[in-house]
């Protein structure tokens, strides 16, 4: 455990502060047209919570009990969130590629 | 291994940042999304790498289980996401958001129930809050999903009271669990906390009026971000904190922007009157209405130079986007200009209508936002309102008693003539009468959006 980079709560607060500023400045520049894809993309990212479930499932000495089952369900549902969110975002963003669509409409 | 893992986390962070930045450019956004996917995969693999090297006696069976779960989840997620039409995107987003909330709640629950691992007060507080927020987000998103699909339209009397009571009980339960933990009642109280979180979510979402649904989705999205941040602190994972903050920031900014576009405030959304006092009779009682026909509209179109279409959710429901594009080609061939004016909250979410029109191949230059659109409308000869209602409701400007008073609208009355394509006189999402229909320059076309455009097109081609 000695050689890991663990976080102290203070580090956490600095990360939150800096990321909030960076996040806001990035997202502010996103045009309104892209707000729906942006929302669904960020929704997919929030599924990163499955990392927590992964850590729980990898704890040493963990057997098969109720906890494992709940964690496993959590990871499963979280991964549906992640994958589904990215697929939906991709479907929406694909529509903004103008050239490909034009060909479909050559009546 | 640890070094590789940490480099991976760094790469994932960079990938998320770049991805979000590129997502702001419509033409490259697909690549941005791809970067986000890469970031996610790298983040998960790196976490597993770090975890497997710091913990001895790790169980490889569980690693297999994790990969199995991820693959199954991906397959299910893909199936769900392709099972819905693009018109139903907002529903889909809130459904997935609910999944995210549930996952966070379950993961928090495991932490809470594992006495041996909860060492300090901060950790247990974080875990209890994430159980509360997780289950709340789940039930609220699910109600939002049902409401958007029109499957849940119950008005519950004293909704606000129930919402506050369940919130207070949940907070009290968290305090009791934190400061007076008792091994005998612990499970029971956690169970109660879950129940009341779920109940609070239902009332929380149900209290939001139909028109404010996009704001609710955005807030719930922000909430999952907050959830991810606090879980990230508990799991000591920088990448979780970082992505959670991004999601939270998106939620906050989109909420603020939407509130601005709808001229409402977050307080109004949650505390405002939920029951629309107007009865359906009153909302559909019009005195003077001029009716027109597709033939007449087509004839009018041949005599004008500048035409505007104001699309609404009705257009999407009728799947008339592609016909709009055909109409546009036809009019352009006749040397008539056709622009689309999109209200910020047209459809069910900001930008939703833009996605649908882009799908049909209508270019950016022909889609105007509210400000430019309203300027353009004053020089427009004919304006077609297709499937939109509340966003063109002049009561928002003239009637200070109206529930939507103050909301910026598309000023269709500036055009020399307005034709409202609508199947019936039924009110829009806000459930109120639209005085525009009785305006001197307004004409009604009581046909389904798709059929209307189709018939106009047939006439024009003759």
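Every residue gets a Cβ built from N, Cα and C, even glycine.
Residues annotated as transmembrane segment in TrEMBL: B:6-23, B:30-54, B:60-80, B:92-113, B:125-148, B:160-180, B:186-208, B:215-235, B:241-261. For B:8-458, the entry in TrEMBL reads domain 'NADP transhydrogenase beta-like'.
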Should anything in the same chain at least six residues away from the transmembrane segment (B:241-261) have a Cβ under 8 Å from its Cβ atoms, list it; otherwise answer none.
13, 16, 20, 43, 214-215, 218-233, 269, 343-345, 350, 370, 408
Cβ pairs under 8 Å only, please: of the recorded stretches B:60-80, B:92-113, B:160-180, which one is richest in them relative to the transmembrane segment (B:215-235)?
B:92-113
Using a Cβ cut-off under 8 Å, which residues of the same chain at least 6 positions beyond either end of the transmembrane segment (B:30-54) come close to it?
1-2, 4-9, 11-16, 18-24, 63, 66, 70, 237, 239, 243
